[in-house]
Structure formats: C-alpha cells, structure tokens
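One structure is given here, and the rest of the page talks about it.
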C-alpha cells in the first residue's frame, strides 16, 4: 500500500480565450489527472505551469503574453500551448525562457513535454480517479461539446485557419458518445461549439457514421436530431449562415433543440461583406430571418458585427444600422475593427480612423440596445423555462432558453429559496431591462 502515499506531481494550469480553448484545456487536464498528476491553483505549489493561450485579436495576444510572463515570474517553468502557440517566434521574442511551445489542440505534445520536465507518476487508480465525462471547467449542469476543429473559410479579418487549420470534423459517433456521458453525469445543457458549426461533416462529405447501432450522417442537422434524443437543452453556437441552416429551424419549432441561433453576420453592406469574404446577399438574409420566425416564433437570434472595417463609408455603416432596425435581432455583439497580425484585411486600403470607429460603435450599440430592450419588454407577462445557475443571498439566478452562459442575460428570481443549481423551473416574467429579466416561479 506504500504507493498510495506517494506524493503526486503538481501542475499549475492557466486557461485563456474562448469556449473552444476551454474544451482543449479540459482535455489536457483530463489526461493529466488520468496519469496521476495533481492540478493545483497556486503558482508556488506547482512544479510546472501550462498556459493555454488565445491569439485571436491583439488584446488577447497581449493578455496571453502577460499570463506567460506572470507564470514565469511566479514559477519559472512554463509550457505554452493554444492559438498563440502557433506563433512561436512571437512568444520567444518576449519570453525566451519558456520551456516548450505547441500550437492549439496538440494534446499529446503537451503531455509529452510535461513528462520530460515532470516525470509521470506511478499510476495508482486510488489517487487519480477521473469521472467518466472527464475533467470539466464549467459548472456541473452545462458543458461545451466541441464537434470540429479549424475552418475552411478565409475571412479577411480572421487568422483562425492559420492557427487551427482547415475544417476537421470529429466522428459523429464519438461526439454523441461524449454527449451521452455528459448527460449521464448530470449535464442539463449542451452547448455545441466549433469554429464553423454548420460546416460539420463537409470535410468528410457527410459520411455515414454509427451510433447506438444505427447509421447517422455526419452533418449538423443529423447531429441535432440525435442530440435531441438525450432530453436536455441543446444550444447551437458559431453557425455560419449556409442555406442548410434553414433545416434546423423546424427542429427548434418542435422543441427538439433550443430555439436559439448564434449566427455571426459581421456586416450588412454588400461591399464590406465582399471585402470581408463573407456572404453578401443581405436581402436574402432578412427574408430568411422572417421565414425562420414564422416557423419558430420563439426563436432567439444572436449575432456579431464589425464596425470600422477598412473601406467602410458612412453609407455602408448606415446600411448596417438599417439592417439592425429591420432584423430586430435579440442579442448582438459589436467589435471595432482592429488589425490582427497576419490578417489579409490589414493590407486593405481606406483604413478607418480610430475616432470614427469609436463613434460608429457607440451609434451601433445605442440602436441595438433599444432593440434588445424592446425584445425583452415583450416577454413581460409570459412564462419561460429557466435553468438555475446560481443561488445567492437574494434568491436564485438562472437563464432562459434565450440566454447562453457568459455572453447573454440572466433571469433573477429574487427571494426564491426552493430551487437548486441545475433545476429547470417555469417562471413568469415580471420585469425587464436591456439585458436581463426578473420573475417568479409559477
């Protein structure tokens, strides 16, 4: 029994960036725990620190470089992975003392480097029990389900393909097995993520896989149909506006998956969309939105846009505002264009001055805030299902079907004590502001 008291080697871990990066962190942490390593929250307790970086925009690069610097100062032994890891020279210029650098989703390389500097412990199942669903960094009641890596698009403002490569879809049986494990472990909401969710299966020509002994096509629609059978909330993120997105709307109307679509549209001027290398048929987009809402009246639409893109005139920007007025999207994120090292858009002529970007950003947000506020006001008096995320001294806080974690609003149940985290309850909406709802259990 002497093995049981052998101290486990201790690893520190810093995870930055988007939910896709979070899933990569979960995978690495699961492998470390499975091999008997202990993951610790303090630099001075760790024998080595792994930093999983983001490199999408300049502020994210800066945050990643600062996190690496902090880990070096506080600990000294650092392995870097993630999107910024694809730019090794950029890291080495600032932090030459980093031990090893790998790009994103290089799980085996990361573990190999860990073994090199902190040898693998004697494996003992009593000290390294790992839940079947793996290590999760989200609360127990929801989880991110990553279905693919990379992207085949070449949007001029984006460098993701240069960091994460072309589309690489996971086998559908593997995705569904993971989803089943998560649900069995108590997950009530699956958030489907990737760089390009609607392209799922395109790289393998939608080949037929197998799950539960049945043939299943590798496609977003087939995946949604199968996930619906698990009896939990299924939420779609990062859905590029391909024509076949129309096919998931009936599934939402039937209650099989959540009536929620995160669909980045980026702009509404055909000229700017062409410069971005994005689909440019704005009238068709408005027609589709109208049709989707006819099929599924409860549909929540979230999108993101970029203002101040090179070449954007006041006329182009006005087209974007007109689009917002007509589309009446529920949730919207807006970014001021900023050059990302390696992005094709940096070389475009007619760069927009910073003060103009700032002014357009504020006009955009002012308009959209009024639209979002009205969309929420319209829910007053209605009954909605709410997934409880948190209990505090004032009551319970949760999310409706219209709210993704981290990025959308919340539903506050002040004074509510009869619920626990992970419960799904019916709530009558009594009050709203521009982001959140307040209500009472029915």
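Cβ from N, Cα, C; glycine included.
Annotated in Swiss-Prot:
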- 18, 54, 83: [4Fe-4S] cluster 1 binding site (BINDING)
- 151, 155, 158: [4Fe-4S] cluster 2 binding site (BINDING)
- 9-119: domain 'MTTase N-terminal' (DOMAIN)
- 137-375: domain 'Radical SAM core' (DOMAIN)
- 377-442: domain 'TRAM' (DOMAIN)
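Residues within less than 8 Å, Cβ to Cβ, of residue 158 ([4Fe-4S] cluster 2 binding site) and separated from it by at least 6 positions along the same chain comprise 56, 151, 340, 343. Distance noted between the C-alpha atoms of residue 54 ([4Fe-4S] cluster 1 binding site) and residue 155 ([4Fe-4S] cluster 2 binding site) is 18 Å.
For residue 155 ([4Fe-4S] cluster 2 binding site) paired with residue 18 ([4Fe-4S] cluster 1 binding site), the C-alpha to C-alpha distance reads 18 Å. With a 10 A radius on its CB, residue 18 ([4Fe-4S] cluster 1 binding site) counts 18 other CB atoms from all the protein chains. Cβ proximity to the [4Fe-4S] cluster 1 site centre (mean Cβ of 18, 54, 83, cutoff 8 Å) flags the following additional same-chain residues: 16, 17, 20, 21, 53, 55, 56, 60, 82, 84, 104. Break the domain 'MTTase N-terminal' (9-119) down by DSSP state and the numbers are 58 helix, 22 strand, 31 coil.
When secondary structure is read from DSSP and collapsed to three states, residue 158 ([4Fe-4S] cluster 2 binding site) falls in the coil class. Its Cβ placed at the centre, residue 155 ([4Fe-4S] cluster 2 binding site) has 19 other Cβ atoms within 10 Å.
Most Cβ neighbours within 10 Å, among the binding-site residues 54, 83, 151: 83 holds that distinction in the structure as shown. The DSSP breakdown of the domain 'TRAM' (377-442) into helical (H, G, I), extended (E, B) and coil residues amounts to 1 helix, 34 strand, 31 coil.
Mean pLDDT across the domain 'MTTase N-terminal' (9-119) comes to 91 in this model.
In this structure, residue 151 ([4Fe-4S] cluster 2 binding site) belongs to neither helix nor strand by DSSP; it is coil.
A Cβ within 8 Å of the Cβ centre of 151, 155, 158, the residues given for [4Fe-4S] cluster 2, is found for these other residues of the same chain: 153, 154, 157, 159, 160, 161, 195.
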